Amino acid sequence: MSGSILTEEYRSKAYVILGLLIIFWTIEGINLLVGNSLNAYGIVPRELGGLFGVLFAPFLHVGIGHILANSFPFVIMGGLTILRGISFFLKISLFIIVVSGLAVWVIGHTGVHIGASSLVFGYFGYLVARAFIEKSRKAIMIAAVVGISFGTMIFGILPGMPGVSWEGHLTGFLAGIGGAWLFKPTEGD
């Protein structure tokens, strides 16, 4: 593979990550302009209308602090996840969003659940679990970097912080682990 093809491949992956980040920020900008009224489209547990939030919740945030807290880990862990390929990245992302969103709809506390943190925790769970499942040097090194850099975020799956959807964090993390197992590479992958 020539250097220019490899560079183009990484450039395409970076465009996907940055494109999603721009979408997050654009939606948050619009949301701020309309007084955070879009947040009503998040996940509302055990209400039929709240199911629509499963797909919308990751794109909605409470404010600038919330989206800032999700942006850096999204870029880093999303960037590490997309190394396996754009189509895989889209598949695992959708899996995490749907599985964690449905789980939050079932077990979540009352109120509206929003934010990309379920997706971020999903990437975290995926990247760490991948090391145990694949046992490749690359997967182990990535898990070590993620564990050292973001390991303390694991405490976010514990209940107790008011205004934080620990259910979204926990279910995202578990969905990421499930995705690592379900979508483990096969020979020739």
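Backbone N, Cα and C atoms are what each Cβ position is placed from, and that goes for glycine too.
TrEMBL does not curate its annotations; it predicts them automatically.
Annotated in TrEMBL:
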type     : residues : note
TRANSMEM : 12-34    : transmembrane segment
DOMAIN   : 51-183   : domain 'Peptidase S54 rhomboid'
TRANSMEM : 54-76    : transmembrane segment
TRANSMEM : 88-108   : transmembrane segment
TRANSMEM : 114-133  : transmembrane segment
TRANSMEM : 140-158  : transmembrane segment
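Residues 73, 76-77, 80, 83, 117, 120-121, 124, 127-128, 130-132, 164, 166, 169-170, 173 of the same chain lie 6 or more positions beyond the ends of the transmembrane segment (140-158) yet place their CB under 8 Å from a CB of it. Long-range Cβ contacts of the transmembrane segment (12-34) within its own chain (Cβ-Cβ under 8 Å, at least 6 residues beyond either end) map to 59-61, 63-64, 67, 70-71, 74-75, 78-79, 82-83, 86, 89, 116. Mean pLDDT, taken over the domain 'Peptidase S54 rhomboid' (51-183), works out to 97 on the 0 to 100 scale. Taken residue by residue, the domain 'Peptidase S54 rhomboid' (51-183) breaks down under DSSP into 108 helix, 1 strand, 24 coil.
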